Amino acid sequence: EWPETGRLALYLLGLRATCPPPEPSSQRSLVTWLKYYLEEDWAGSRQHGHPLTSYYQYSLGVLALCVHRKRVREEVIHRLLEAERHSRIRPAAGGAADTEAVVALAFTCLERERLAGSRLLSELRAARRRLRKRMVEAQGPDGFFGNIYSTPWAMQVFISSNTCQTEPVYGRAVAALQENLDAFTTAATMAQALPVLHGRSYLDIASTSCQKELDTLTPISSELPPETMGNVTVGLVVECPLQQCPQQWQVTMPAGASLLDVLRAATAQEPHNFTFDTQDTSQGPLLSTVLGLEAQRQKRSYWKLLSAPSINLQMGVAEYRPRDGETIILRLSKW
């Protein structure tokens with residue numbers, strides 16, 4: 001079993017944000033489990049040189065403990081500092097904007113809450129500045145930091161450091177985010193986007209005054225959007241380093257169908273030679289297996305989604321809706 005570092009960290013952040021009734025013994029137990037997971041997560045570091053899960057989940061655990069104002073062992077902080085100093089949190093394939101942003105938020109929180117010694121606080125401050133500089137350099141011409149889903153994390157770095165007004169990249173990111181809000185369709189992705197749209201970061205949870213919190217949660221309209229008429233024809237191409245790849249299929253579906261619907265329809269076509277599987281995550285289903293080939297965390301492999309010829313999809317299989325005539329590439333890749 002892999003340590004549930006990231007999932008428990010997100011749960012604790014959400015628990016603190018909802019101002020629950022005081023249940024000190026229950027919350028203490030969850031915090032204790034998170035501290036345990038942080039140690040278990042690092043158990044394989046001598047063999048792998050990195051946490052068993054990822055630096056993203058590991059730093060998320062540190063951030064959650066800090067938001068709950070719980071001190072973490074200095075060795076845990078040093079592990080993240082060493083990884084940042086030697087660029088270990090940036091995978092060879094790139095795409096580290098969200099990880100670097102979460103690390104920066106964890107460092108900012110530890111510094112703000114003064115949950116480390118004075119010498120360590122100085123190191124955290126220097127590392128936070130380096131990470132924020134990399135955030136600036138990471139912004140693409142589309143205004144995103146990495147991709148649309150890592151952008152809210154990066155924006156929180158500027159919000160938490162009070163540099164929104166002085167960094168032009170922040171304004172461009174806000175505009176890009178507002179133009180692509182339809183990409184945030186799950187509770188997890190909405191939880192990342194909503195705080196920054198209100199100029200807040202997860203660090204603000206630590207100072208929330210629950211006594212003054214109003215019950216403002218109201219249900220949204222339950223009206224369903226009108227059905228889209230017509231059909232679309234979508235191509236599927238599977239690319240992998242093995243002999244059975246590449247292979248391709250063509251699927252016709254009602255307009256508005258998700259990529260997940262397209263994959264399901266492909267498995268029902270004759271001959272029945274297309275297979276896939278997904279894994280449930282906090283951000284929706286993740287494509288885990290295609291044609292019997294499983295993406296393995298131990299081997300740092302994953303199924304990359306592209307719109308032919310080479311456009312990275314910014315949504316998951318359940319959110320993305322292919323266009324008529326579009327070809328989707330499922331590529332087994334390394335991260």
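Just so you know, the numbers here start at 1 and follow the chain as drawn.
Yeah, the Cβs are placed from backbone N, Cα and C, and that goes for glycine too.
Just so it is clear, the model here is predicted, and its values are computed rather than measured.
Record features (TrEMBL):
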| type | residues | note |
| --- | --- | --- |
| BINDING | THR53, SER54, TYR55, TYR56, GLN57, ASP98, ASN147, GLN192, TRP303, LYS304, LEU305, LEU313, TRP335 | cyanocob(III)alamin binding site |
| DISULFID | CYS66-CYS109 | disulfide bond |
- Restricting to the same chain and to sequence separations of six or more, state which residues have a Cβ under 8 Å from that of CYS66 (disulfide bond). VAL72, ALA106, CYS109, LEU110, GLU113, LEU115, ALA206
- Around TRP303 (cyanocob(III)alamin binding site), how many other C-beta atoms are within 10 angstroms of its C-beta? 22
- With the fewest other Cβ atoms within 10 Å, the residue among the recorded positions CYS109, LEU305 is LEU305
- So which one is it: of the binding-site residues THR53, GLN57, ASN147, which has the fewest other Cβ atoms within 10 Å? ASN147
- Does anything in the same chain, at least 6 positions from TYR55 (cyanocob(III)alamin binding site), have a Cβ under 8 Å from its Cβ, and if so what? LEU80, ALA83, ARG88, ILE89, THR99, VAL103
